[in-house]
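Beneath this line is the structure, given in structure tokens, with notes to follow.
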Amino acid sequence: MSMAECTREQRKRRGAGRADEHWRTLSPASCAADALTEHISPAYAHLIAQAQGADAQALKRQVCFAPQERVVHACECADPLGEDRYCVTPFLVHQYANRVLMLATGRCFSHCRYCFRRGFIAQRAGWIPNEEREKIITYLRATPSVKEILVSGGDPLTGSFAQVTSLFRALRSVAPDLIIRLCTRAVTFAPQAFTPELIAFLQEMKPVWIIPHINHPAELGSTQRAVLEACVGAGLPVQSQSVLLRGVNDSVETLCTLFHALTCLGVKPGYLFQLDLAPGTGDFRVPLSDTLALWRTLKERLSGLSLPTLAVDLPGGGGKFPLVALALQQDVTWHQEREAFSARGIDGAWYTYPF
């Protein structure tokens, strides 16, 4: 089935009114209302109880409902990443040439109040139906240019062991070198999901990358650290991603502590994201000028091992954009006539390099 045929089928199905297929077209107001219930996992509640002062508040702010969520700004929309234009099926997004995104479920262990798929998560759609999974497998087999698949949702690890293993075996049947990225918040929200059986299975399914979403050093309790160490010890590469959130982790000290701790655990800090323009998330958004200033300081304090890529998903489907390009503008001067550029060095002096 071609992408065009899949897209036409998706539009037809939307007309049938299946809730789990039309969330991207919801109004911003409906997404920002009280639709996304407050839901906190026992493991995360335990982390909150263990944390002190500002750390406890930072964790609570991520999962506890606040009235500010009802405020919708003009720039916000239900589908801030513009995924709708790239949908092959309602559960598969093919935005980049060599990789696709699969929504395996609409369920999460906890509800992040800044979620950019809050309309989808609010519907709490269950595990992807078998017929939808088979359409994805068919598409992957017909599209050999796809070398990676991001398995996301929701959180894929909310599925049963049988569901997860069946899905991963189906994906692995496509090609032995298809890279599977497991995008999950379970490391912090539900570390018990990483059983020895699951880790052994993921080893069997290599190449598999674990992509945990971790925002604050207080999310790295002893159990969470043990999970990451177990994954790394089993030979599973782990690359984290974090979202910059006002009142949670928008300080140099907090982020330096987090990224250094992850690196010590063998986890590569992958991305630090500027917040997406999802409805009702404005209170979490750090002004871009502050973000760039913060990252410049992080760059001075952290090595390449510990420093993540600063990025934003451009609204409307423009894809990931490295904000490093903006952060370093003031540190670079181009000399076209001299066929060279000058850059500010670590000592503050300017140095010239020829084209």
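Using N, Cα and C of the backbone, Cβ positions are placed for all residues, glycine too.
The domain 'Radical SAM core' annotation in Swiss-Prot covers 93-308, and the record cites sequence analysis as its basis.
The [4Fe-4S] cluster binding site annotation in Swiss-Prot covers Cys108, Cys112, Cys115, and the record cites sequence analysis as its basis. In this structure, Cys115 ([4Fe-4S] cluster binding site) belongs to neither helix nor strand by DSSP; it is coil. A 10 Å cutoff on Cβ-Cβ distances gives Cys115 ([4Fe-4S] cluster binding site) a total of 20 other Cβ atoms nearby, all chains included.
Feature annotation from Swiss-Prot assigns N6-(pyridoxal phosphate)lysine to Lys320; the stated evidence is similarity to another entry. Secondary structure at Lys320 (N6-(pyridoxal phosphate)lysine), taken from DSSP and collapsed to helix, strand or coil, is strand.
Sequence-ordered, the extra residues of this chain that approach the [4Fe-4S] cluster site, with Cβ no more than 8 Å from the Cβ center of Cys108, Cys112, Cys115, are Leu36, Ser110, His111, Arg113, Tyr114, Arg117, Arg118, Ile121, Arg185. The 10 Å shell around the Cβ of Cys112 ([4Fe-4S] cluster binding site) contains 22 further Cβ atoms across the protein chains shown. The Cβ of Cys108 ([4Fe-4S] cluster binding site) lies under 8 Å from the Cβ of His39, Ile121, Gly153, Gly154, Asp155, Thr158, Arg185, Phe189, each of these being in the same chain and 6 or more residues away along the sequence. The CA atom of Cys115 ([4Fe-4S] cluster binding site) is located 17 Å away from the CA atom of Lys320 (N6-(pyridoxal phosphate)lysine). In this structure, the CA atom of Lys320 (N6-(pyridoxal phosphate)lysine) is 21 Å away from the CA atom of Cys112 ([4Fe-4S] cluster binding site).
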